[in-house]
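Encoded as structure tokens, the structure appears first; notes follow it.
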Amino acid sequence: MNIVKLQRKFPILTQEDLFSTIEKFRAIDLDDKGWVEKQQALEAVSKDGDATYDEARETLKHVGVDASGRVELDDYVGLVAKLRESKTGAAPQTTFNVAPNSTPIVSTAATGLQHKGKGTQAKIIVAGSQTGTTHTINEEERREFTKHINSVLAGDQDIGDLLPFPTDTFQLFDECRDGLVLSKLINDSVPDTIDTRVLNWPKKGKELNNFQASENANIVINSAKAIGCVVVNVHSEDIIEGREHLILGLIWQIIRRGLLSKIDIKLHPELYRLLEDDETLEQFLRLPPEQILLRWFNYHLKQANWNRRVTNFSKDVSDGENYTILLNQLDPALCSKAPLQTTDLMERAEQVLQNAEKLDCRKYLTPSSLVAGNPKLNLAFVAHLFNTHPGLEPIQEEEKPEIEEFDAEGEREARVFTLWLNSLDVDPPVISLFDDLKDGLILLQAYEKVMPGAVDFKHVNKRPASGAEISRFKALENTNYAVDLGRAKGFSLVGIEGSDIVDGNKLLTLGLVWQLMRRNISITMKTLSSSGRDMSDSQILKWAQDQVTKGGKNSTIRSFKDQALSNAHFLLDVLNGIAPGYVDYDLVTPGNTEEERYANARLAISIARKLGALIWLVPEDINEVRARLIITFIASLMTLNK
């Protein structure tokens, strides 16, 4: 390396500085490759005291590191030089624009990292991917979510040695770049979602390249969507580039999904005690988990003869009074009402959390986030309380509510159709498919999303501003319009009337939604059809069979109802034809037992997601040969392969 050339390029560094920096680079470039990974460079700089990890991380964004993400000697020297500029007061190169009358920033680093506010308002502002854009990271959310990951993944056989991650830096986002931590987090929230054997793992201490990391990111994003996470504008490159606000949002969605998954009357029959006097079980089951949590919270407040109620996870809990009563109800012996006598809100919040600690539930919240009314952290805290200390009397056998069990196929399809409708960004999101479609509004939104311009909203009865339900008569007008639209678009809707949707007829509702989803698939695949028309099931089947042959395999099926599909061999062979080498047949079992068939199906789903396919079904749908859902699996592969 030409020292003179480097000194001209980075005049802020003396010759002595340059020699020292080069030696430090060589100390971490043990194999003399001429480059190191970003993580190594950041750790080296922060260890030397040249900057904090986060300052070095933000500054590196302004150094011309190439697409490989590897830090070469020139880049490393550039990083050190920019950090030196920030300390000597040289004019920083920043991507931040501050309006003349905006709130003053408490501290601004020339690295482009801004700390704004403190205590309850502590936030970090980081540069966006576009010049002039910024994103805000809530420090307490980042810290608590990092603690959660450290806790649930501690001892993991694959990544446990990486933990714990520092809770006071942005290192978490760098650790998430290869998709492995996020995959493990998804499996913690919803076990068995990802077959980790399909993930790309580092070998011989070498980090994954960008392509391998992007495949892992595909699995993460598509799996998160499939378990019901709201994943908007997050792409594989966002993960591998460590974009903080997007990764933090994704982490929250995954944690939230896991925390709320146990708020289910089938798992907790004692939730039946939360029904109000004039409420039916069917109405109660329509509530989203957050509303059930609020109902649970208020049940305990009512049992305590407390005069307040909570309607949110922010201002209604921010003074700590309602939490004091709740914890006292859950365990009067351990959790006293003494915090009510404390007037200072921060002191009271600390006392509340000390009570929670006695229940081994001091998690997610800090005094400052409690007083600030952080809705995410308060929701997580209350969900954790419910999951560990529901405090409801067990239901006796004679009291047990009759929870209607409709046919397994209908339940499976309802789950997939709910996820699909929510992926269209319908508003409000669908919680209970058959109940939420009764007024026709979600159906009509879905028609418009799938076939823009199809719906004349002048003919649609909307809900009043209060959010109250519309009358049965108006709901019938909407659902009749939805059925008429379907017929006009060529759907087979023999015997289906609007009243069937309003009355919650499950079979007929599923039939209508399936045809709408099928049309959505067909529109996406039209470019694949030589005629430009909708593709029939037989054409889709022929395409799948051609892929099997192309991959040198000979499995066959007669239709999408063929029981031979149950062991997933055919689907794995289709994947092999699309992407040779992606199916490791050493991992494929004969499929003689239920466990083997499940393992094969999970393997097929994970490989499809790795390739970038959005797969809604779960392994049981394949094992039980749910024909419609298997068609969606093949159709996703077709759109991927076009």
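Yeah, the Cβs are placed from backbone N, Cα and C, and that goes for glycine too.
Here ARG70 (Ca(2+) 2 binding site) comes close to TRP35, VAL36, GLU37, LYS38: these same-chain residues lie at least six apart in sequence, with C-beta atoms under 8 angstroms from its C-beta. Residues or ranges marked as Ca(2+) 2 binding site by Swiss-Prot: ASP66, SER68, ARG70, ASP75.
Per Swiss-Prot, the feature domain 'EF-hand 1' maps to 16-50. The average pLDDT computed for the domain 'EF-hand 1' (16-50) is 85.
Broken down with DSSP, the domain 'EF-hand 2' (51-86) shows 22 helix, 3 strand, 11 coil. Under the heading domain 'EF-hand 2', Swiss-Prot lists 51-86.
Residues or ranges marked as domain 'Calponin-homology (CH) 1' in Swiss-Prot: 139-259.
The domain 'Calponin-homology (CH) 2' annotation in Swiss-Prot covers 287-390.
According to Swiss-Prot, the domain 'Calponin-homology (CH) 3' annotation covers 411-521.
Taken from Swiss-Prot, the feature domain 'Calponin-homology (CH) 4' covers 534-642, and the record attributes it to sequence analysis.
Feature annotation from Swiss-Prot assigns region 'Actin-binding 1' to 125-394.
Summarising the annotation, Swiss-Prot assigns region 'Actin-binding 2' to 395-642.
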For the domain 'EF-hand 1' (16-50), the number of residues DSSP places in helix, strand and coil:
23 helix, 3 strand, 9 coil
Which residues does SER68 (Ca(2+) 2 binding site) neighbour through Cβ under 8 Å, counting only same-chain ones at least six apart?
TRP35, ASN209, ASN210
Of the residues in the domain 'Calponin-homology (CH) 2' (287-390), how many are helix, strand and coil by DSSP?
63 helix, 0 strand, 41 coil
When you tally the Cβ atoms that lie within 10 Å of each candidate's Cβ, which of the binding-site residues (ASP66, ASP75) has the highest tally?
ASP75
List the helix, strand and coil residue totals of the domain 'Calponin-homology (CH) 1' (139-259) as derived from DSSP.
73 helix, 2 strand, 46 coil
